[in-house]
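This report refers to the structure that appears directly beneath it.
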Amino acid sequence: MKAALLLVISTLMLIGVLTKKSGYPIQHDGCKNWCVFNHFCENICETYGGSGYCYFWKLACWCDNIHNWVPTWSRETNKCRAK
């Protein structure tokens, strides 16, 4: 039974179901989450199943080990229109 469970978990990891990613999670308008203090980002990243901090030089939340379904910011798909 343990071998079967191990096989299922290994298979799921290989097909990417249990994989995680890192990046700047975006808001509904496509912009990064603005921050100055770490505790704000820690709460956001925990919501997405990971951990994170405020990347001070960019004033944006960076998250590690968040779920793959979480939309993250990228330069190629940037839809944020800063006001």
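Using N, Cα and C of the backbone, Cβ positions are placed for all residues, glycine too.
Disulfide connectivity taken from Swiss-Prot links C54 to one of C31, C35, C63, namely C35. C31 is paired in Swiss-Prot with C80, the candidate among C63, C80 named as its disulfide partner. Noted from Swiss-Prot: C45 is disulfide-bonded to C63, selected from C61, C63. Secondary structure of the domain 'LCN-type CS-alpha/beta' (21-81) per DSSP (helix as H, G, I; strand as E, B; remaining residues coil): 10 helix, 21 strand, 30 coil. For the disulfide-bonded residues C31, C35, C63, the ranking by surrounding Cβ atoms (within 10 Å, all protein chains) places C63 first. Around C80 (disulfide bond), the same-chain residues six or more apart in sequence whose CB sits under 8 Å from its CB are I26, D29, G30, C31, K32, W73, listed in sequence order. Close to C35 (disulfide bond), meaning Cα to Cα within 10 A, are the following disulfide-bonded residues out of C41, C45, C63: C41. Cβ neighbours of C54 (disulfide bond) (same chain, under 8 Å, six or more residues apart in sequence): C35, V36, F37, N38, F40, C41, A60, C61, W62.
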